[in-house]
Amino acid sequence: MALYRAAAAVLSGMERGEGGIKSLVYGSDFPRARQLYALVAETLRYGPVLDALLDGAEMLRVEKKLPLPLAKVLVYDLLFGKGLKCGGRWKALARRHRARLEAELARLKVRRGVSSNEQLLQPESGTGPEAPQVPRYVRVNVLKTRVDDVVEFFKRQGFAFLGTAGSVEDLKSLSGKKFLLDLHLPELLVFPPQTDFHDNRLYTSGHIILQDKASCLPAFLLSPSAGSHVIDACAAPGNKTSHLAAILQNKGCIFAFDVDTKRLATMNTMLTRAGVTSFKLAQQDFLTVDPHDPKYSKVKYILLDPSCSGSGMVARLPLEEAAPSAERLQALSGFQRRILSHALRFPAVQRLVYSTCSVHREENEDVVHAVLQELGSAFRLVNAFPSWPCRGLAAFPGAECCLRASPADTLTQGFFVAVLERCGEEAAVPSSLPATAEENLQQEEGAEPGAAPPKKRRRKKQRVKA
């Protein structure tokens, strides 16, 4: 029952505007954060369906003491999840209403003209344009395996590999057990929406990371060279940290900060499972870290993904969560300006990536512009990933150097990324990153963009057998 109470508490916190799903889950006392996150995310995804079922079955009219958030998580697991994992009166209560709920579910499918639960998640015809569903993105953890080996593993499990995507349209057409290699990121596999890998042995062993494509952009664009010292300023839950470690080839050092002990413990478990060895965790508010501490004297790269409204996670959040109050936006943007300004005061930093999962200009372009003005000519925006189709809003000259992502334009969660580079000194990496993964590989090999792709270099990794 603890799982369901924790999930209900997260849903209630989101409704009260206390935070987004990630911050509330990892701030919870529940010990298995990933299990809690999955239940909350799926309950949110089925939110409109659950509302319809609860209304039709009149469950809350009968059970007057049952809170709505708790009712939603119980009914989700009863009808759409893996079955109720609790005993006692709540299980008995849910089962009392099971026949009525199942009958209401059957009627809802007939009314919508669908046959499966997943089809219920699609907008009803006549309610406006259908929002594209975000594919399931799977990042291959090259610290433990290789892309080719993972592709072969999935093929042995009955999946059909269609090669490298040529466009976003190719990703939209994925269905069944088909998958592609992403057209932008070289270690990202793309599967149809709702493909579930949480019980797959590659996931449980850390050989693959379930990470949205947009969330992979910050580490990819920071592009630290092997052996570098890097700061991940707001690190939990650790997906971006593990991505940095893979780019660094576990060489150098990642200083990862978070204020919450429990989130750090969860992150440590995740990084250990992923084979990350080049990290140092610190339970500390990054704003209190001294930029002039000698231990950070070699830090040339900083990844900064601070707390935000989470409004870009529209595929998982109720509509009202995408519209935080003006007061909350003001408070968030003030914090984001302070922490970005603080990060740029580390004396050796050459390149910084600032990112949020927010759609709001106040948390994105306005924050970057304010800090650049504050620091004068010390840093500049990098025109990173020129071929990326979605650019920053025209909030100030040069804002088009920033990147945006959205379900409609890039088939990802809503996201914002800005790459800042120190001026007047030798840059840590090229100021304009390659447009595609193929060009990235070509430039590493010394070939001109557009030339025939070089042969792939193969490194010995731990093989995965089916």
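Backbone N, Cα and C define each Cβ position, glycine as well.
Listed in TrEMBL:
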ACT_SITE  Cys357  active site, nucleophile
BINDING   Cys234, Ala235, Ala236, Pro237, Gly238, Asn239, Lys240, Asp258, Asp285, Asp305  S-adenosyl-L-methionine binding site
COMPBIAS  454-466  compositional bias 'Basic residues'
DOMAIN    126-423  domain 'SAM-dependent MTase RsmB/NOP-type'
REGION    429-466  region 'Disordered'
- [ ] Using a 10 angstroms cut-off on Cβ to Cβ distances, just flag whichever of Lys240, Asp285, Cys357 is the loneliest among these recorded positions.
- [x] Asp285
Open item on the list: Can you tell me how many other Cβ atoms are located within 10 Å of the Cβ belonging to Ala236 (S-adenosyl-L-methionine binding site)?
Closed with: 27
Task: Distance [Cα-Cα, Å, rounded] between Gly238 (S-adenosyl-L-methionine binding site) and the residue listed as 'active site, nucleophile' - done: 15
Open item on the list: Just checking a number: largest C-alpha distance across Cys234, Ala235, Ala236, Pro237, Gly238, Asn239, Lys240, Asp258, Asp285, Asp305 for the S-adenosyl-L-methionine site, rounded to a whole Å.
Closed with: 19
TODO: Measuring Cα to Cα, tell me the gap between Lys240 (S-adenosyl-L-methionine binding site) and Cys357 (active site, nucleophile) in whole angstrom.
DONE: 13
- [ ] Would you mind listing, in sequence order, the residues at least six apart from Cys234 (S-adenosyl-L-methionine binding site) in the same chain with a Cβ closer than 8 Å to its Cβ?
- [x] Phe257, Asp258, Phe286, Leu304, Asp305, Pro306, Ser307, Ile339
TODO: State the Cα to Cα distance, in Å, between Cys357 (active site, nucleophile) and Ala236 (S-adenosyl-L-methionine binding site), rounded to an integer.
DONE: 14
